[in-house]
Amino acid sequence: MSQEYDYIIVGAGSAGNTLATRLTEDEGVTVLLLEAGGPDYRLDFRTQMPAALAFPLQGRRYNWAYETDPEPHMDGRRMECGRGKGLGGSSLINGMCYIRGNAMDYDNWAKLPGLENWTYLDCLPYFRKAETRDIGPNDYHGGEGPVSVTTPKAGNNPLFHAMVEAGVQAGYPRTDDLNGYQQEGFGPMDRTVTKNGRRASTARGYLDTAKKRSTLTIVTHALTDKVLFEGKRAVGVRYLIGAAEERVEARARKEVLVCSGAIASPQLLQRSGVGPAKLLESLDIPVVHDLPGVGENLQDHLELYLQYACTQPVSLYPSLLWYNQPAIGAEWLFNGTGIGASNQFEAGGFIRSRPEFDWPNIQYHFLPVAINYNGSNGVKEHGFQAHMGSMRSPSRGRVQLKSKNPRDYPSILFNYMATEQDWQEFRDGIRLTREIMQQPALDPYRGREISPGIDVQTDEQLDKFIREHAETAFHPSCSCKMGTDEMAVVDGEGRVHGMQGLRVVDASIMPIITTGNLNAPTIMIAEKIADKIRGRQPLPRSTADYYVAGDAPVRGKPLREVGPTAQ
């Protein structure tokens, strides 16, 4: 039996939930939203408590837990590639950092043929439309959107303030809003958390409104096998429910919208016969349309941590001890406050490591505890760390189908650290971070350098540390890029080249990765394209000012000059 809808959306992540909500605002428009994972159980603290962000990455209930092929420039490591599974997608398991990217990211996209209306001032109204910021709207921020954004408050951990001050003392700008007039510099970091201290996933922000509409049908545990075509027109999808092998078909009167993310969107297109013909033929998949860019141009952010012992008992180390956790959990559960109500990434920054970068190429997240992002290898003492990563690596990877079976994972290769620029940026980044960490603001707190450690100094030693310890920031993107060149997959409205009734709308359509975390840009992209699908006039361009570094020096004179090996 085949059901019929106006639109079928594959993937209930940050983009899919945005589209499902906006499309069903129009009376009578019917939407089927398919999600391979399960519901977002509101009583599961693992996905609802911000401070528990490491938990959903463990196991496979909420995480696809992909792995890369052996990465050739990383000692052949198979690197983890976590992706969200369940209503909310990766917004259900991410670190909740609300970072939009740099204005220059979007202005740069808009220089590409066919993407002229992706300038920052074209995108800013859609960032605002999606957002409700807890301290109210302004030219940069929204006050009525589905995404709850919480700003850091006075009285939070003193290490956040010390780390920002250290960045300023090292000669970098101070910014009061990393999503406002000026991204460059050090300052407080906003988070997607509700006023009650809950994770603000897109399932909570968007679907809680939309699922009350009779025109929206949500099916969980629905793994899409393929998009169905008549000629070059997408007319529906075929999917599996749970562990059953029986295929269910649904028809789309208007469009099929693929919102499965930078790994699964190209995988689904390839399985459906849209992709590089040679690859499809090698797997006996009939070619519907030869599109060589599907799965190519894959990008990500790589990062590593510099960890320090803390000489005062102000870090979050006690919260890692089991006997302190019940009280933290109770305060969060009943009051929505306390340590549990924050992702603990409440300060960060963006800098240019060299003058040839026109906008920041290094991002910092500061964390007032020394531990791996996935919750492993917690240092058994008071400590703090800086996450440091490069933003626009020239390295490019790919996603390739390995079989026709929808349950099989694809072959993923990011090709991390494939260029000399990558190594230069990470070496510079480690050395600049050490200089920041040696500034007077951290004197009351800074103990020994735990990692990499004082003996890791030469280029060769740093490179070895990077190869062994750098890890993904979980920002895969760009594998179905927008544009008009021969490797582009979609146009500036997400429509797949050479096809009718088929769009891709998610982080995979970014042509070049943005400067920062990807959840906010992904929601913006979906908000913007939703207006196109609905035939609405785009929101008027913003007239807000924004910072362009121009000839400004990368930084001023540091308060404390630090020699290359000083610790």
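A Cβ is built for glycine as well, from the same backbone N, Cα and C atoms used for every other residue.
The shown structure was predicted, so the numbers you read here are calculated from the model rather than taken from an experiment.
Neighbours of D6 (FAD binding site), defined as other CB atoms within 10 A of its CB across all chains, total 17. Taken from Swiss-Prot, the feature FAD binding site covers 6-35, and the record attributes it to sequence analysis.
Less than 8 angstroms from the CB of H475 (active site, proton acceptor) sit D300, H301, A507, I513, N517, L518, each of them six or more residues away in the same chain. Under DSSP, H475 (active site, proton acceptor) is assigned to coil, being neither helix nor strand in the three-state scheme. Residues annotated as active site, proton acceptor in Swiss-Prot: H475.
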Within the chain of D26 (FAD binding site), which residues six or more apart in sequence place their C-beta under 8 angstroms from its C-beta?
R534
Comparing local Cβ density (other Cβ atoms within 10 Å) for the binding-site residues S14, T18, T30 points to S14
Neighbour count, 10 Å Cβ-Cβ cut-off, for L34 (FAD binding site): what number do you get?
25
